[in-house]
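These come from Swiss-Prot:
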REGION    1-56  region 'Disordered'
COMPBIAS  14-35  compositional bias 'Low complexity'
REGION    69-92  region 'Disordered'
MOD_RES   Ser206  phosphoserine
DOMAIN    295-358  domain 'FHA'
ZN_FING   433-477  zinc finger
Amino acid sequence: MYTPIPANTPAPTAPTSSMTSNSSSASNANTTSSSGINPRNRASGTPSNERARPASGISSFLNTFGIRQNSQTASSSAAPDQRLFGTTPSNSHMSVAMESIDTAPQQQEPRLHHPIQMPLSAQFHVHRNYQLPISISLTAPTTTDHQQSSAHNFEGNNVGNVQESLNQRQPNGTNNTTTSIISMAPAATTRNIVGGADGSTIVNNSQEMYKNLRHLIYAANQPNGTEILHLDLPATSAEESNNMFNVDEVTLKQRKDKHGLFSIRLTPFIDSSSTTNQGLFFEPIIRKAGPGSQLVIGRYTERVRDAISKIPEQYHPVVFKSKVVSRTHGCFKVDSQGNWYIKDVKSSSGTFLNHQRLSPASSLSKDTPLRDGDILQLGMDFRGGTEEIYRCVRMRIELNRSWKLKANSFNKEALQRLQNLQKLTTGVEEEDCSICLCKIKPCQAIFISPCAHSWHFRCVRRLVMLSYPQFVCPNCRSSCDLEASFESSDEEDESDVESEGDQLVDQLSVLMETSKDVDSHP
């Protein structure tokens, strides 16, 4: 390594001890190997070589600790110093030679200049607008060949390797995802799926039809949403079929959300009249999908967890932590008119719609239409349902945003009366929940304490249950008894009479005072 020395600095003296000479000789060898200087230039005995000895000693000292200086940085920084301090042309020529020699091995062994390539699903996951369509196989074996799957128009996604592809849009804006789908299943079970519906066309292998049921979520502009499903509807009357498929534009628009997707909401069904257990409890599930989509219903496993962790929750399959639910129990389907269907895919414990089984064990069922408010049950209790993992799943179905309550004049007036009550009691009009700091709006579950403070019930529920029946207001710290008995009707009548009597006394006192004032003035 070459380090320039200013002109006003005295040149270093020759070494006077054997220790110094030994260290300098060792440092020369290290300098030759580290900086890449030609040994022939070192043997020329120029003064620049002698000036480089102190710097080479520093480099040898650093090499003893495993620290290697960057020769390219030192050489690039040495050139300006040479121009500043007026070094000789020979020294400047040496610095150029050092740079050229140092850059040569770097070109032979280039460093990694590009970041680590993430899977395609991980790249899209960081964006808020997730790209559709999505295809996931919950039972296919794991593959690691990302490049092979990305060559297709619509990649086959496996557990642990979820690959999504962008919608190939033509210049006119249409979606070009209705081409053939090549599944990533093993070669022994190769399938040709036309139109994007899994299991629609299978050549000479009907038993493998739904063995690898795929979870398909299409975008809102998916054409031919009803045709690609290949629905196998039960025998119904002509009037029912016309009402199902002939939907006006106003109704169709109401079924879609702001992104043009249809939705389904599943909530636990609790039957208070039942003497047995109430089934598996789960949080409300909301899924959104475009026309022609197919949502898999199955069991939650580690493979499923790895697959769904890479996509947003609203596009997840419907999975439950219950062993009475098969790995691929069934599927939901939605057509272009927003009609939803349920299909049992050879489940062992069965699927029950409004307490009626769709198909026998290990057999396919028809695509049964769903209606808002239907009760769906997956499986039957095993071992009496004593353990939660062996309980069936009962749920209520709500379709296409029907659970969204619309605020009417009555709801708005009730909220306004509540706000006026708070203003009269506390003197301050509170519009926000003091726990979540969100506004209290109509059609929301609200808890009102005796001190006239209010919160969202889901926000204050833990405080209510913590010391029930006693409740301490988190706003004013007043305590009350939530189990206090109501006043009887007789006591209410007496209180009303007393209040009316007090009002009459007040009015009489006011009249007497006014009469005295009139008499005092002539």
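Glycine residues also receive a Cβ, built from the backbone N, Cα and C atoms like all the rest.
When averaged over the zinc finger (433-477), pLDDT in the model lands at 86. The residues of the domain 'FHA' (295-358), classed with DSSP into helix (H, G, I), strand (E, B) and coil, number 10 helix, 24 strand, 30 coil. Across the zinc finger (433-477), DSSP assigns 10 helix, 10 strand, 25 coil.
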